[in-house]
Amino acid sequence: MTNHLLLWVVLLAATVGALTRKWWAPHASRWAEARQIPWRWWLLEYPVLTVRMRVTWRQVCLLNGLSISRRSTARVVDGVMVRGVALRQSPPRLGLPHLTRTGVVVRIRIHPGQTPGPFLAAAQALEHAWRVHGVRVTSPRRGEVLITITAHNTLDDTARDVAAPTAGPVLVARVGRVDDGGPWVLNLRRIPHWLVVGATQSGKSTLLAAFIRAIAPQPVALVGIDCKGGMELGLFGRRLSALATSRPEALRVLTGLVTEVQQRMTLCWSAGVRSIWELPEDRRPVPVVLIVDELAELYLMDGTREGRDQSEQCSTLLLRLAQLGAALGVHLVVAGQRVGSDMGPRVTALRAQLGGRIVHRVHDEASAEMALGDLSPDAVAVAQMITEEEQGVAVATIGGRWVRARSVLVTTEEARQVAEEYAALTPDLPALAAVTFEKEGGAA
Ligand SMILES: Nc1ncnc2c1ncn2[C@@H]1O[C@H](COP(=O)(O)OP(=O)(O)OP(=O)(O)O)[C@@H](O)[C@H]1O
Ligand SMILES: [Mg+2]
């Protein structure tokens, strides 16, 4: 009797389960979509933030020097000119806050005579006053300041949302997420060469791996220089057209690439075009991306004459590639802890050629200043605020402004899988035929 009852209960549970699943299946994806919508932010936190912004705006402006007095602050008293602080100051008008998925964007029309400078300096004060994760101040139009607010830290987990790599437009690689929730894209067609800077364990090699992962399905030749024994780039061995793991090997790879550039120059010259992109598709050579992990290893001076010669040669060849490569489809993505003139000759010249800048956590202001100071001075302070816990978070320059972003975390296993999956797409570069040691030997 008990057995029958048990069987009956199990059957009933199975039937109810099956019916529920059948009913639930069509709704499941809609429920998953609904869960992606930041309801709490939209319905509760956004209205509270808008009220808080309105209430605190006048005081924040007053304390941070963003208000001005419309009347002169100087008076003549008994024949003496006295200058004081005006009691009635008016802040610039705060525009209507536009809601985004991750925060708010608000436009401010600044008073005549004001510049965006004090607003940039007040970003941190605004974060505290409005209790938000981040405030970015830019000035896309004259007479206007744009404040982009990120309500919460959206860069907590980027590994979760970056889909499997797809071919996409050539030389455009999605490497992670920016702090407004959008994709973080490195576009080498727009900015041909990139510099990645950061202290040790800040996420440089991970970003390079995310880049290779994203670009691997594209018809692009990838060449690696990893003088830390190929530990990082070696994982992608079969997808790399060449990999140098020591400085003498790097010299051979760089020499081969300069030869490749010269051949492409001749090709363009004979076809009467100024870049490989103007050549017909069937005659266009494949784009090449040279990825260097730890630039300092190439510039290392070990006190020997041979070491000094190699360092000088590497630096000359890298600079030539950077100067000539862009139009000829040879691109550089270079990572290093520092890029100061103390490393060796021509480092600053090389840095000037690397127009795309990405700075992870740095130990000192000088490192951030070296990488960002010339292109985006206000990003220097932001880069210094990246904490040790925020591995992979970086400040990147994009079209004259900066963003905070985080690369996707590529595991060792995933890197190997990518190399295997796209190994057949690895082009052979004739100029590197003599230096393809790693593909045949060790690292592959
Ligand atoms: N985007 C990321 N998301 C999460 N964790 C990350 C991310 N990037 C890096 N990390 C973590 O930080 C560690 C160090 O990263 P990585 O090896 O890329 O640093 P690095 O700057 O190349 O260091 P080094 O200068 O010593 O080579 C990784 O092992 C990983 O655990
Ligand atoms: Mg590294």
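Numbering starts at 1 and runs along the chain as it is shown here.
Using N, Cα and C of the backbone, Cβ positions are placed for all residues, glycine too.
These come from TrEMBL:
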BINDING   GLY198, ALA199, THR200, GLN201, SER202, GLY203, LYS204, SER205  ATP binding site
DOMAIN    181-369  domain 'FtsK'
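Compared over the binding-site residues GLY198, GLY203, the count of CB atoms lying within 10 A of a residue's CB peaks at GLY198. Taking Cβ-Cβ distances under 8 Å and a sequence separation of 6 or more, the neighbours of GLN201 (ATP binding site) in its chain are GLN391. Summed and averaged per residue, pLDDT over the domain 'FtsK' (181-369) gives 93. Listed in chain order, the extra residues whose Cβ falls within 8 Å of the Cβ center of the ATP site residues GLY198, ALA199, THR200, GLN201, SER202, GLY203, LYS204, SER205 are GLN337, HIS360, ARG361, GLN391.
With respect to Cβ neighbours within 10 Å, the binding-site residues THR200, SER202, SER205 differ, and THR200 shows the lowest count. Around the Cβ of LYS204 (ATP binding site), the number of neighbouring Cβ atoms within 10 Å comes to 26.
For ALA199 (ATP binding site), the Cβ neighbour count at a 10 Å cut-off comes to 17, with all displayed protein chains included. DSSP classifies SER205 (ATP binding site) as helix under the three-state reduction. Close to ligand 2, meaning a Cβ under 6 Å from one of its atoms, are these of the binding-site residues ALA199, THR200, SER202, GLY203, LYS204, SER205: LYS204, SER205.
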